[in-house]
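Following: one structure in structure tokens, then a few remarks.
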Amino acid sequence: MFYVEILSMLLLVLGLVAVASNPAPYYAALGLVLAAAAGCCVLVGHGGSFLSLVLFMIYLGGMLVVFAYSAALAAEPYPESWFDLSVFSYVVVYILGLMVVGLCFFEGWYDGFWVVDELKEFSLLRGDFGGVALMYSLGGWVLVVCGWVLLLTLFVVLELTRGLARGALRAV
Amino acid sequence: MNPYVLTTLILSLGLGTTLTFASSHWLLAWMGLEINTMAIIPLMAQQHHPRATEATTKYFLTQATAAAMILFASTMNAWTMGDWNINQISHPLATTTVTLALALKIGLAPMHFWLPEVLQGLSLTTGLVLSTWQKLAPFALILQISQNTNPALLTTLGVMSALVGGWGGLNQTQLRKLLAYSSIAHLGWMIIILQFMPALTLLNLTIYITMTSTMFLSLKIMASTKINSLALAWPKTPTLTTLIMLSLLSLGGLPPLTGFMPKWLILQELTKQDLPITATIMAMSALLSLFFYLRLCYTTTLTTFPNTNNTTSPWRLKSTQITLPLTITIILTLMLLPITPAITTMF
């Protein structure tokens, strides 16, 4: 289990390097998916299984839309992958930088209480399920506000993009 | 814009500020700030003009950065100190980050670079909303964390904003940029007194909002966004032109107008706190701002530019714009100084 943890943390960092090194949008979206999956694995390892499932599904749902749009907007015949020189130099610089930072903070950063769910033993209810129940009971009004914000965001996006030539995003 | 959408957006602007006002929890306060940002964006871009779109993009990027920093710092504080309460934020790193993020949100120097450019891209009405209503929510947070922030940081932000606000406005010919720099300078005055007397910050904010509303509304009636068009606009309403001059002097902080009150009280409080050098620098920086206000007064009112004869008659036509808000704010902008004791007891 410990090795799986280490592996998923490594994949999380590498996935973020894959995004940050500025490849073509297809590959960047792929890197983001990798980072999301690895981050959710880290969460599972620390006891937040339901939380990580919800996060993964919602995040990947959003990522799918981002991927579709970025693929549609940037239809390049020869997309830059990580092995092209311009991108690869970023990859090398980021990984070297991460190694330097890792050496500086070696042994100091991993302290024991990275526990997502403190109700792991002797408890009928998992902490993340309890959180869902609390969200619907005590946090009811905040949930209403969140729903309103989603509606607002829909209107904002529609208002910014509507009208082909008149739209704000395609100003002349 | 569709009236239903407009209503939704304006209601959400209200909702965002109200949420930030009402919350004692960082997460809800952050939500309020984000709702505020989201709701104003279509209003800013509704002109469908490249410059408005650019201004909207700049505004969105700065506000999103600031909000992310607030979220990051409050999470860090909750992690290390175990407290989500706004006025209990105590970790020095988190407090400093939050202060800088809020300074970015309202446009304090040295995080002010977005403000003149964004304001320049907007219509005067949206600019009015941006420089009044949008400042309220961040200020509610700034006032709540004022007792835990680093005093040196607040002094630096305050003095720099007052100086940059004065210096930046010196060579401008665009009125919205001038108003943006005036906003930066006034925010500097509010921040410099924050650690000693938060009530004065609130008083200065209220009076600044009144004065800048007057300026935006009068410029809207004059329909001018440049100094040279304002210089030729006097025949539209000669009375308003005179009042614009007085409002500009009030913004500059000359007695016996309202704008003198916050500067007077702040300088007095700084002196009482045994900070004569800070008080002197602030007073000197007000002179820088005064220079460009005076220049604006000079071109607007004190000189008559040569023009053809028939341009002097537009005052005969009755204006179709609503003037009641301007009437109220202009009276408040010019005449509050005699009732200073009553005003100070309100805060």
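Numbering starts at 1 and runs along the chain as it is shown here.
Every residue, even glycine, has its Cβ placed from backbone N, Cα and C.
The domain 'NADH:quinone oxidoreductase/Mrp antiporter transmembrane' annotation in TrEMBL covers B:23-288.
Long-range Cβ contacts of the transmembrane segment (B:60-81) within its own chain (Cβ-Cβ under 8 Å, at least 6 residues beyond either end) map to 26-27, 29-30, 33-34, 37, 41, 88-91, 93-95, 97-98, 100-102, 104-105, 114, 118, 141. The feature transmembrane segment is assigned by TrEMBL to B:60-81 (among others).
The transmembrane segment annotation in TrEMBL covers B:93-115 (among others). Sequence-distant contacts of the transmembrane segment (B:93-115), counting only residues of its own chain at least 6 positions beyond either end whose CB sits under 8 Å from a CB of the stretch, comprise 33, 58-59, 62-63, 65-67, 69-70, 72-74, 76-77, 80-81, 135, 138-139, 141-142, 145, 148-150, 153-154, 157-158, 160-161, 163-165, 168, 180, 183-184, 187-188, 191.
The annotation transmembrane segment is assigned in TrEMBL to B:152-171 (among others). If one looks beyond the transmembrane segment (B:152-171) by at least 6 residues along the same chain, the residues whose Cβ comes under 8 Å of a Cβ in the stretch are 96, 99-100, 103, 108-110, 112, 116, 146, 177-178, 181-195, 278, 281-282, 285-289, 291-292.
As annotated by TrEMBL, transmembrane segment applies to B:178-196 (among others).
Residues annotated as transmembrane segment in TrEMBL: B:202-219 (among others).
Remote same-chain residues near the transmembrane segment (B:240-257) are listed as 182, 186, 211-212, 214-215, 218, 221-222, 233-234, 263-264, 286, 289-290, 293-294, 296-297, 300-302, 330, 333-335, 337-338 (criterion: CB distance under 8 Å, separation of at least six residues from the stretch ends). Residues annotated as transmembrane segment in TrEMBL: B:240-257 (among others).
If you look up TrEMBL, you'll see B:277-294 (among others) marked as transmembrane segment.
TrEMBL lists B:290-343 with the feature domain 'NADH dehydrogenase subunit 2 C-terminal'.
Residues or ranges marked as transmembrane segment by TrEMBL: B:322-343 (among others).
When pLDDT is averaged over the domain 'NADH dehydrogenase subunit 2 C-terminal' (B:290-343), the result is 91. Here the domain 'NADH dehydrogenase subunit 2 C-terminal' (B:290-343) has, by DSSP, the following mix of helix, strand and coil residues: 39 helix, 0 strand, 15 coil.
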